[in-house]
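Colleague: TrEMBL lists these features:
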TRANSMEM  B:12-32  transmembrane segment
TRANSMEM  B:39-57  transmembrane segment
TRANSMEM  B:63-87  transmembrane segment
TRANSMEM  B:99-120  transmembrane segment
TRANSMEM  B:150-167  transmembrane segment
TRANSMEM  B:196-216  transmembrane segment
TRANSMEM  B:247-267  transmembrane segment
TRANSMEM  B:279-296  transmembrane segment
Amino acid sequence: MRHRSLLVLTTVITTGALTLTACGSRDGGDSKDNGGGKKTTVVIGVDAPLTGSLSALGQGIKNSVDLAAKTANKNNEVPGIEFKVEALDDQAVPASGQANATKLVGNKDVLGVVGPLNSGVAQQMQGVFNSANLAQVSPANTNPALSQGDNWGKGEFKRGFKTYFRTAATDVVQGKFAAQYLFKDAGKKKVFIVDDKQTYGAGLAAIFAEEFKKLGGEVVGTDHVTVKETDFSSTADKVKTSGADSVYFGGQYPEGGLLADQIKKTGANVPLMGGDGIQDPAFISASGEANEGDLATSIGYPVEKLDTAKKFIEDYKAEGYKDPYAAYGGYSYDAGWAVIQAVKAAVAANGGKLPTDARAKVVEALGKVSFEGVTGKVAFDEYGDTTNKQLTVYKVEGGKWVDVKSDTFNQ
Amino acid sequence: MHELPQQLANGLALGALYGLIAIGYTMVYGIVQLINFAHGEIFMIGGFGALTAYAILPTGTSLLIAIPVMIVGGAICSVAVACAAERFAYRPLRSAPRLAPLITAIGLSIALQQLVWQFYPDAKKAVSFPEFKGAAFKITDSLAIQRADLFVLILAPLCMLALGVFVQKSRSGRAMQATAQDPDTAKLMGINTDRIIVMAFAIGAAFAAVAAVAYGLDKGQINFEMGFILGLKAFTAAVLGGIGNIYGAMVGGVVLGLAEALSIAYIEDIPGMSQLGGGAWSNVWAFVLLIVVLLVRPQGLLGERVADRA
């Protein structure tokens, strides 16, 4: 009896951990031909969390890429090519992302992949795609190391994976922008920093902290929270007693919303600021306490305000997707469109037919892509990062994210 | 140390919540020696049941009236699901090797999560739950107790008291003790053990529903995944207090809650330990505590006194 409970405990915990990682892929696309004649099928893979607490963002990514493919087919963007989308669910779990990457690589019709949402997932996928020479464009990854190598912080930039591209600006840009806004525009001098220990959250918080200190601000305390936990009241009380006038949170909206709420409940009337991970309606709607005054940076100008995005929004509505395009819809559409443009260039260079080494040619063409997209000009620099460094600060006003400052970031 | 009372209050409230859920693990284990891994999801369904009950009430109903309705609504849902799980998933496996029901429970846990995710409107992300209006009660300058924390701190001991009286005094409670002690003999003495087992599941589920309402009122939101981590913690609390012992569940919960709150606040103040403190390490310290307790008292804090467990 005595040993049993320990044994059972370990069993349960291990299996619990396994269930988190094991239930991954769900077959989204069908690869069979419509029999529409001689058109060659090119599949654009999508990897994003389609279920789980980040599914609001993942579904937006999937639908936006789907819209890009449909638009290309309708306009006959690449003559002789029919685009299809195969969407796989990674549940924001790195191991699932890797399994999905292997699956996409195995389908020879896949010439480009849009995704994933999470930087931590991307880390596990890059190697798989690189060895298969399959292009990957993430609409949402912001961790600098993904494109600039692990030593980017020391000023050594080295592109690790030639197949990796992204339409999202990195956390270097975002973290610094946030620090400058909080220090200069909002006039906050004492910040308490919390992160969720994930690749994205911890990275962003570190960049923010460095810039905030450089500007002359003071970091009065730090703490970490665990993803999927919900009781942060002890951390919230630490924020209160630290005397901070603001909180910076590196992480995603499920924990961010709860943390902001619980900090307000302690009576500490300080705004919480975060990155694009918390800039979601769910951040506000999920917790009852008012989030008024909380801040978030997000990449790009607000999609609703860009002239280039109007058509995207109209088309998205017309398609009648069940979920909204969410924070990364525009970037996902652009990422999908970049893949389509790369396929177009590869086909054009090969006399109107898909080249035999299509994947390599698409990677090559992707580096040279340049077009006016939903979110502005889409092009990639020598690391595969977007050349578009526009950022916006959003503030919760009247229960909604309202943009308060948009700017182009230059160091 | 001026924040100590506050951290104790946080830990107590969290621990009371763990304890309420842990009752479900410990009752079922005490009687059928099954770790009902789906209990975290029973808790989650209690929360969604309560929310549904709230949605049915006319808008603007005072929370004082709404809360009892929500508890009843949540309990109806969670008890129904727990009884159905017992009847259709666990009872057919009662004489099977021990691993079979355990794996079934894990499967059930995933299935219930996905069902809610799929079919409850808007449950794909966190959904809002009514909250207490008004500020926290200020006891002293450095101690403020949230209304929802007060709610769980009052309700949990009341529930425990009721359960204790029920198990000790009532006919069914004694039948429950007898079944826990020796199911075969209990059956020979004319006790309908199947009914007793269902009752154990139902009581655990009702407590989980109370916990879910307290949780929702505190956090202002519930989501389909919330049972997973909380279930794991509550199970830990049950083991810590001595699985099979109902008072142990509450004691284990409170100890675990306090350990988490205090480790977040104070470990980093110990010289040389600043890297090992804060929220990142609270689970580690909670489990270190569990291991230490199990090394010294393998039967848990309140032991597994066979005659008493129910």
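Glycine is treated like the rest: Cβ placed from N, Cα and C.
Map these features onto the structure and tell me what's around them.
Modeller: Residues 39-40, 42-43, 82, 90, 94, 145-146, 148-149, 152-153, 155-157, 159-160, 163, 176, 179-180, 183, 196-197, 200-201, 203-205, 207-208, 210-211, 214-215, 218, 230-231, 233-235, 237-238, 241, 243-246, 248-258, 260-261, 309-310 of the same chain, all 6+ positions outside the transmembrane segment (B:12-32), place their C-beta atoms under 8 angstroms from a C-beta of that stretch.
Here the transmembrane segment (B:63-87) has Cβ contacts under 8 Å with residues 24, 36, 38-39, 42-43, 45-54, 56-57, 108, 112, 130, 132-133, 151, 197-198, 201-202, 204-206, 208-210, 212-213, 217 of the same chain, all six or more residues outside its ends.
If you look at the transmembrane segment (B:150-167), the same-chain residues 6 or more away from its ends with a CB under 8 A from one of its CBs are 12-13, 16-17, 19-20, 23, 67, 132, 137, 173-174, 176-177, 203, 207, 210-211, 214, 217-218, 246-247, 250, 310.
Sequence-distant contacts of the transmembrane segment (B:196-216), counting only residues of its own chain at least 6 positions beyond either end whose CB sits under 8 Å from a CB of the stretch, comprise 17, 20-21, 23-25, 27-28, 30-32, 36, 39, 42-44, 46-47, 49-51, 67, 70-71, 74-75, 77-79, 81-83, 85-87, 91, 129-130, 148, 151-152, 155, 159, 163, 172, 175-176, 179, 186, 222, 226, 230.
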Colleague: Take the transmembrane segment (B:39-57) and find every residue of the same chain, 6 or more past its ends, with a Cβ under 8 Å from one of its Cβ atoms.
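Modeller: Residues packing against the transmembrane segment (B:39-57) from afar: 21, 24-25, 28, 65-66, 69-78, 81-82, 85, 108-109, 112-113, 116, 120, 123, 127, 129-130, 204-205, 208-213, 215-216, 222, 224-232, 234-235.
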